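Student: Relevant sequence annotations retrieved from TrEMBL are reproduced here:
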SIGNAL    1-22  signal peptide
DOMAIN    75-171  domain 'Cytochrome oxidase subunit II transmembrane region profile'
TRANSMEM  101-122  transmembrane segment
TRANSMEM  143-161  transmembrane segment
DOMAIN    173-307  domain 'Cytochrome oxidase subunit II copper A binding'
REGION    334-357  region 'Disordered'
Amino acid sequence: MQMLKRLFLATMIAATPVAIHAAAPAAAPAAAAATAAVTAEASSTAATESAAPGVATEVGSGAYARAQPVEGQGQPIPGGLDFQPQVTENGQYALWLNNVILLPLITIISLFVLGLMLWIVARYRAAANPVPSKTSHNTLIEVIWTLVPVFILVGISVPSIDLLAKQYAPPPADAVTVKVNGYQWYWGYEYPDHGIGEYVSNMLDEKAAEASGEPYLLAVDNRMVVPVNKTVKLIVRGADVIHSFAVPALWTKMDAVPGRLNEVTFRATREGVYYGQCSELCGVNHGYMPIAVEVVSEQAFADWVASKGGAMPGTADPGAAEATAVPAAATPDAASAAAAPAAPTATPAAAPAAAAR
Ligand SMILES: [Cu+2]
């Protein structure tokens, strides 16, 4: 009995959903509106201005166009209970582990223990069993209730440790590296291998989100853009306090800790827009620093990189890369300058960060 109870607890802990997200609190403090206020219009203008037409000769033939999210994909649904549909192999594996192994096991064990208890309550109550047995040991049963849970746990550990290993597998050499900086209260993204300096990602206010057809409290002005079917390596750090970078549909969650570089990888197999939220209480606007990851085709990614003044690694010759480094460095400054009047709290933090580079 004790053993079964312990096993039940262990499986419950193992099955605790890692990535279910409730929507952020609906009541928006007035400050939130002020902080997260770069409008869609402003950001799209900034993006267009930062696109250097000269840079986009080889890789960026077309212009980057912002993708629209699909309902029920990469975002929570009203009344939703389950995990979001997973678009990475690891996410699908984890979902399978949860739905096919853990949930049935938990259900069977819970029902079995409940049945045992009901049977004991009914069969061995004082009225039905006036003279209780004085049996204190039964070797066979004790061996069974020790070994069966051991086998169950060992059985679970096989796919579980396999999943853990897959999640922490070293990224391949051609992985796209994105440096993720968590700030109070917005995110900064940086593509060191593509010559894209840090740009800031702020939440859209309600009007701007509605205008761009995106969910309020999840939509942002400048998304993280990554290519489909390619491993993305995130280097995550906190600039001020501990934040956590979490995107449920990508099965990705990593703490952003000041003074520490955490690494996590994902490989999205479907294009689309995937939303997430900061998942570590980080201050008054914790609920207003959402994450939007846009997964695009290889070509669209090259176009986006060009629009940001960067270059695909290996495509440009070293001289050209050096030449593009200057406009690339100018881009985040222009972006933060544009953001400055609308987001006063963003400026002090962003400026030293830009200077430090
Ligand atoms: Cu945060």
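Every residue gets a Cβ built from N, Cα and C, even glycine.
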Student: Count up the helix, strand and coil residues in the domain 'Cytochrome oxidase subunit II copper A binding' (173-307) according to DSSP, in that order.
Tutor: 25 helix, 63 strand, 47 coil
Student: Could you tell me the mean pLDDT over the domain 'Cytochrome oxidase subunit II copper A binding' (173-307), as a whole number?
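Tutor: That stretch averages a pLDDT of 95.
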Student: Please list, for the domain 'Cytochrome oxidase subunit II transmembrane region profile' (75-171), how many residues fall into helix, strand and coil according to DSSP.
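Tutor: Counting residues per DSSP class in the domain 'Cytochrome oxidase subunit II transmembrane region profile' (75-171), I get 64 helix, 1 strand, 32 coil.
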